[in-house]
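A.B. asks: Under the heading transmembrane segment, TrEMBL lists 55-83, 95-113, 125-142, 148-171, 183-202, 214-234, 255-273, 279-306, 318-341, 347-370, 382-403, 415-436. The domain 'Major facilitator superfamily (MFS) profile' annotation in TrEMBL covers 257-443.
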Amino acid sequence: MPDSEKLPTIESLRGIDSASESKHILPYDKQKTEAGFDHELQTRLSEAPDGGIRAWLAVFATALVTFSTFGFLNSWGIFQAYYEGNLLLHTPPSTIAWIGSTQYALTYLPALATGRMFDLGYFKIPFFAASCVLVMCTFLTAECTQFWQLFLTQGVGLGASCGFLFSPAIVIVSQWFSKRRGLALSTTTVGAALGSILFPVAAQNLIPLIGFRWTIRVFGFMLTATMGMANMFLKRRLPPTKVRGGLFNLEAFRNKAYSTYCVSGIMILLGLYTELTYISVSAVTIGVSKGFSFYIIAIANAASAFGRLSSGLLGDKIGALNTMVIYTAITGITTVAWPFAKDESQLIAIAIIHGFSIGAYISLYSAPAVAMGRMEDAGRRVGMFMSLIGFGGIAGPPISGAICTATGGFIDTGYYAGGSIIFGVALLLVAQYLHLGRLWGKF
């Protein structure tokens, strides 16, 4: 086994010479942990290997998680369009949008609990339970015929299960990587991009052949396979820690940079998913065929795969937060520009640029939160951040839908959503200044 893959046990770090222990090195989630780690020991435990089979298996498993969570959820636009035109024909678009926004929000809100649970060592059982709920709710969605049924299964059930899956997986990857953390995190989100391509294209081709219900069941079988592998391969590197405080650590907000970073996330999430939610609907209004409108989401998500990888590579060179500022500013601009597209070619061009840029924020937003404190409290810190920005995710698409309904078009919707994103980007720069003491620097 390569040296980069050999992780020392707690006893070996304390200098205990045991031949049997040196031959059988177990993952930390299978070892008994102790309450009294000294500072030097904790520092050595926190040195990430930045590679090796176990580390890259964690990346692969997390990519499967993002495929099954964000890859599925980012395809909400196809459901919005289908429900508006078929299943929920007499339900207002802004009401239907609550299903999608609840999905997005609940992907973030449970992170407050999951982050703290992860720090304390509760990972495998909650992760497996959430995987089962995700699969079950997908199959139940196929049986729904009314708004309240879809809201409970697809909105609440799918969203909450994704929330219990995503946050711990991201923290595990951060445990295995340090210098190459940006690349590792962006690689995991390629799974989300692939899912965001596959699900819309599959839906567009399968619904006419086998109907909506069996299409959703096919998705359920796919998620069973991906989450089964994720449960096998995803393992934590560091042992649980007993950090002071409960679910919510108010001391973290004494760090002005962290507090500002959380507010910026709320503002960005208020507008981040608006274009992907309504681009298929807006495409039909400018003359794009209903069949092709589904593919526009897939095109945007295909572009995001390249954006996610490039942002990870760039993030390791100039810093995750700097990279997020550049890419997310482009996202805000394309959100403002999207309603002004007059034909199919213009809409496709905007979708490609928007898709390329939007992946950076989702890929990298956990990295600054991890860096703003100690690694042993990283799960709770990332969890608090994700829970707070979830409020932006739940409010954003319905507000956009209400603006669209009130104005009879998407132009004001674009101004609202794009303006929120750009204001959030400005706050990212403020957070960086508060953290580094200067406006630009690697962070």
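Cβ coordinates come from backbone N, Cα and C, glycine included.
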A.B. asks: State the non-local partners of the transmembrane segment (55-83) in its own chain: residues 6+ outside its ends, Cβ under 8 Å from one of its Cβ atoms.
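C.D. replies: Sequence-remote neighbours of the transmembrane segment (55-83) are 4-5, 48-49, 91, 93, 96-97, 99-100, 103-104, 107, 134, 138, 150, 154, 158-159, 162, 165-166, 169-170, 172-173, 176-177, 184, 187-196, 198-200, 203-204, 207, 212, 219, 223, 226-227, 229-230, 232-235, 237, 273, 276-281, 284, 290, 293-294, 297, 301, 362.
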A.B. asks: Do at least three CB pairs under 8 A connect the transmembrane segment (382-403) and the transmembrane segment (255-273), leaving out pairs fewer than 6 apart in sequence?
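C.D. replies: The answer is yes, given that the two segments have at least 3 Cβ pairs within the 8 Å cut-off.
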A.B. asks: So if I exclude everything within five residues of the ends of the transmembrane segment (279-306), which remaining residues of that chain have a CB under 8 angstroms from its CBs? That is, six or more out.
C.D. replies: 74-75, 77-78, 80-81, 84-85, 93, 190, 192-194, 196-197, 200-201, 203-204, 338-339, 341-344, 347-348, 351-356, 358-359, 410
A.B. asks: So which residues does the transmembrane segment (318-341) touch in its own chain, when a touch means Cβ under 8 Å and the partner is 6 or more beyond its ends?
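C.D. replies: Cβ under 8 Å, 6 or more out: 181-182, 268, 271-272, 274-275, 279, 282, 286, 307, 311, 347, 349-350, 353-354, 356-361, 364-365, 367-368, 371, 409-411, 413-415, 417-422, 424-425, 428-429, 431-432, 440-443.
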A.B. asks: What mean pLDDT score does the domain 'Major facilitator superfamily (MFS) profile' (257-443) have in the model?
C.D. replies: 87
A.B. asks: Should anything in the same chain at least six residues away from the transmembrane segment (125-142) have a Cβ under 8 Å from its Cβ atoms, list it; otherwise answer none.
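C.D. replies: Cβ under 8 Å, 6 or more out: 68-69, 72, 114, 117, 150, 153-154, 157-158, 160-165, 168, 212-217, 219-220, 223-224, 227-228, 230-231, 234.
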A.B. asks: If I count Cβ-Cβ pairs under 8 A between the transmembrane segment (382-403) and each of 95-113, 183-202, 214-234, 415-436, which range comes out on top?
C.D. replies: 95-113
A.B. asks: Counting only residues 6+ away from its ends, which parts of the chain sit with a Cβ under 8 Å from the transmembrane segment (214-234)?
C.D. replies: 57-58, 60-62, 64-65, 67-68, 72, 124, 127-128, 131, 134-135, 138-139, 141-142, 165, 169, 172, 199, 202-203, 206-207
A.B. asks: Which residues, given as numbers and ranges, are at least 6 beyond the ends of the transmembrane segment (415-436) yet have a Cβ under 8 Å from it?
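C.D. replies: Here the qualifying positions are 256-258, 260-261, 263-268, 270-272, 274-275, 321-322, 324-325, 328-329, 331-337, 368, 372, 396, 399-400, 403, 443.
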